[in-house]
Amino acid sequence: MNYIRDYAMMVAIFGFASMAWFGWSQENPPESWRKFIGIGTGGALLLCLWGVYLSIKNWGEATALANDQSFVYYYVFVILEFAVAGVGAFILFQNAKGYYTAPWVCFIVGVHFFGLRFVFDDFSLNILGLLLVLVSGLSLYVSKNTKLINSTVTGVLSGIIFLGFTIFNLFRFF
């Protein structure tokens, strides 16, 4: 993949995702983490807005989604991601297991990147997907063996990962 418009959109989308995951981590973090989480959230917001600006400025550039089939697959993967994550979260809450929602959503988000790797012909999306799947499992272990809750562990680690991929795509843009 060598589409600067797609890199700009990834900066915007991954920056937003980083901000959202850092936001989720604020459910009940240790007090000593709050400053770091706030800085991560603010940094992710700024990068997201920069990505939006770059996307608008380069809207006429080539994109992997120009191919009708890629565009359809993109929406299929995203709609499936939201549907499966939403239904799973609903089931978890209905069964008084809501504390597993963050790792569940992280797992589904990670898996969906394996499909998007082919839509964008971008191997780095496999790495992103693998890291998020690993975070979903790691958060279960860490929260079971510490006083940290799933949403804090999942949110902080996913926020950091998405922030890293935001910066990575910003470098690829330039």
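Here the Cβ of each residue, glycine as well, is placed from N, Cα and C on the backbone.
Record features, source TrEMBL:
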type	residues	note
TRANSMEM	7-24	transmembrane segment
TRANSMEM	36-56	transmembrane segment
TRANSMEM	72-93	transmembrane segment
TRANSMEM	99-116	transmembrane segment
TRANSMEM	123-142	transmembrane segment
TRANSMEM	148-171	transmembrane segment
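Non-local neighbours of the transmembrane segment (7-24) in the same chain are 37, 40-41, 44-52, 54-55, 57-58, 63, 102, 106, 109, 151, 154-156, 158-163, 165-166, 169-170, 172-173; each lies 6+ residues outside the stretch with a CB under 8 Å from one of its CB atoms.
Within its own chain, the transmembrane segment (148-171) has Cβ neighbours under 8 Å at 7-8, 10-11, 14-15, 17-19, 21-30, 33, 37, 40-41, 43-44, 47-48, 50-51, 99-103, 106, 109, 124, 128, 131-132, 135-136, 138-140, 142, counting only residues six or more beyond its boundaries. Here the transmembrane segment (36-56) has long-range neighbours at 5, 8-16, 18-19, 22-23, 25-26, 29, 155-156, 159-160, 162-163, 166-167, 169-170, 173, meaning same-chain residues at least 6 beyond its ends whose C-beta is under 8 angstroms from one of its own. Within the chain carrying the transmembrane segment (99-116), a Cβ under 8 angstroms from the stretch's Cβ atoms is held by residues 17, 21, 24, 73-74, 77-78, 80-81, 84-85, 88-89, 92-93, 122, 125-126, 128-137, 139-140, 143, 149-151, 154-155, 158, all 6 or more beyond its ends.
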